[in-house]
Amino acid sequence: MNGLIFYSLCRYRGFTLFLTFLFYTSYHLSRKPISIVKSELHKNCSTLIRPPNLNGTDNETWCDWAPFDQDNYQTLFGAVDNSFLVAYAIGMFFSGIFGERVPLRYYLTTGMLLSGLFTCLFGLGFYWNIHSIWYYAFVQAMNGLVQTTGWPAVVACVGNWFGKGKRGFIMGVWNSHTSVGNILGSLIAGIFVSSAWGMSFIVPGIIIASTGILCFFFLVEKPEDVGCSPPQHHGVMEFSLCLLFAKLVSYTFLYWLPLYISNVAHFDPKEAGDMSTLFDVGGIVGGVVAGLVSDQTGGRASTCCVMLIVAAPMLFLYNHIGQHSLATTIGMLLVCGALVNGPYALITTAVSADLGTHESLSGNSRALSTVTAIIDGTGSIGAALGPLLAGVISPTGWNNVFFMLITADILACLLVQCIWKVFRPRYSLILKLIQ
């Protein structure tokens with residue numbers, strides 16, 4: 001009888017991991033197209049053949065999509081990015097509270113359907129011939145708000161099914177959904193970017209809406225819903241404020257790497273998008289390795305710190321020698337992706353789950369949604385700041401953008417080592433308030 005119960009529990013655990021992996025893959029898949037399409041919205045028109053029936057248009061910008069045909073196009077891209085990211089950062093602090101009070105299945109379903117709608121609306125700007133920066137900024141802001149439904153809810157679902165045990169390794173493997181979503185989003189957007197960039201958004205929008213329907217019919221939120229026993233949790237408190245700077249670096253690459261590759265290596269938009277997926281492939285490996293090492297050593301913070309220390313010189317090398325040859329580009333993207341996304345993955349999954357099931361919460365696993373939202377909301381401030389700074393700094397040269405990224409990486413490392421003693425009492429207070 002115990003064997004049947006164990007088999008049933010393993011089956012449901014595996015199914016929950018698969019579904020939540022699929023759900024959050026679709027979230028990231030729908031975020032990625034904007035980074036691929038940027039190099040199509042503004043490109044070097046002087047290298048292209050101008051149609052003979054096109055009159056009264058600047059030779060340098062005739063092929064660009066207004067309003068991104070202006071000299072301040074990088075600032076406009078930064079504004080569009082930050083419409084999403086600022087809304088996401090603000091909304092995340094409230095998302096966990098709603099996630100505790102609304103059934104996670106309904107919460108995720110609603111979020112994915114609305115995210116599909118706003119992703120499609122961005123792409124429809126191509127077919128409706130919309131050239132207002134306010135339209136694209138508004139759509140991105142609304143998408144940022146509804147996308148906050150994803151992370152707290154999927155982490156809460158996984159936390160409901162898994163005890164601490166090998167959580168770092170499990171979460172490391174599971175968190176590859178972020179990179180898989182980025183890769184698929186890049187590839188799908190790349191198919192349409194040069195012919196009809198609107199489809200680069202519409203197809204991902206349809207995909208995330210479809211996974212929302214799957215969520216409604218098949219997600220099992222917690223073991224008790226199907227007669228299984230909940231896992232035993234053991235509390236652990238570790239430092240996670242460095243997520244702000246770690247996410248600053250990760251999201252700057254998410255939104256600006258294809259444009260950087262296109263500008264520096266002179267690839268076309270599709271080739272740049274395809275090449276940028278190698279950063280996310282490295283991120284998959286980095287997340288798994290970080291989780292496995294942290295399980296074996298018992299030190300989430302020390303694992304993050306070592307990876308961040310090594311990441312700083314790797315970012316410097318990538319900027320200076322990363323485009324010397326195809327082999328160098330591939331190798332450096334893989335290494336940088338692993339070192340940047342490894343700590344980010346560990347903090348947003350295993351550490352969040354550890355904090356959310358801390359012993360001071362007396363087994364109140366529903367608080368996992370709120371704790372996850374607090375941690376990711378803090379990190380999302382960095383996610384909004386990074387692309388914004390990149391948009392402001394990039395006109396002065398890509399070297400300065402990388403100096404900003406290296407500085408953020410070093411600050412993340414310093415935070416994880418030095419400021420934990422200052423903020424630990426505040427985290428204890430947060431846990432008590434949630435309780």
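Indices start at 1 and increase along the chain as displayed.
Glycine too: its Cβ is placed from the backbone N, Cα and C atoms.
Per TrEMBL, the feature domain 'Major facilitator superfamily (MFS) profile' maps to 19-424.
Feature annotation from TrEMBL assigns transmembrane segment to 12-29 (among others).
According to TrEMBL, the feature transmembrane segment maps to 75-94 (among others).
Marked as transmembrane segment by TrEMBL: 106-128 (among others).
The transmembrane segment feature in TrEMBL is assigned to 134-162 (among others).
Remote same-chain partners of the transmembrane segment (174-193), defined as residues 6 or more beyond its termini with a Cβ less than 8 Å from a stretch Cβ, comprise 17, 20-22, 24-33, 35-37, 39-40, 158, 199-201, 203-204, 207, 254, 258, 269-270, 273-274, 276-277, 280-281, 283-284, 287-288, 291, 337, 341, 345, 348-349. According to TrEMBL, the transmembrane segment annotation covers 174-193 (among others).
Annotation comment: TrEMBL describes 199-219 (among others) as transmembrane segment.
Per TrEMBL, the feature transmembrane segment maps to 239-257 (among others).
Marked as transmembrane segment by TrEMBL: 277-294 (among others).
Sequence annotations record features per position, and here TrEMBL assigns transmembrane segment to 301-321 (among others).
If you look up TrEMBL, you'll see 327-347 (among others) marked as transmembrane segment.
Under the heading transmembrane segment, TrEMBL lists 367-389 (among others).
Annotation comment: TrEMBL describes 401-423 (among others) as transmembrane segment.
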Stretch winning on C-beta pairs under 8 A with the transmembrane segment (12-29) (pool: 106-128, 199-219, 277-294, 301-321, 327-347) is 199-219
Ranked by Cβ pairs within a distance under 8 Å of the transmembrane segment (277-294), the first of 106-128, 199-219, 301-321, 327-347 is 327-347
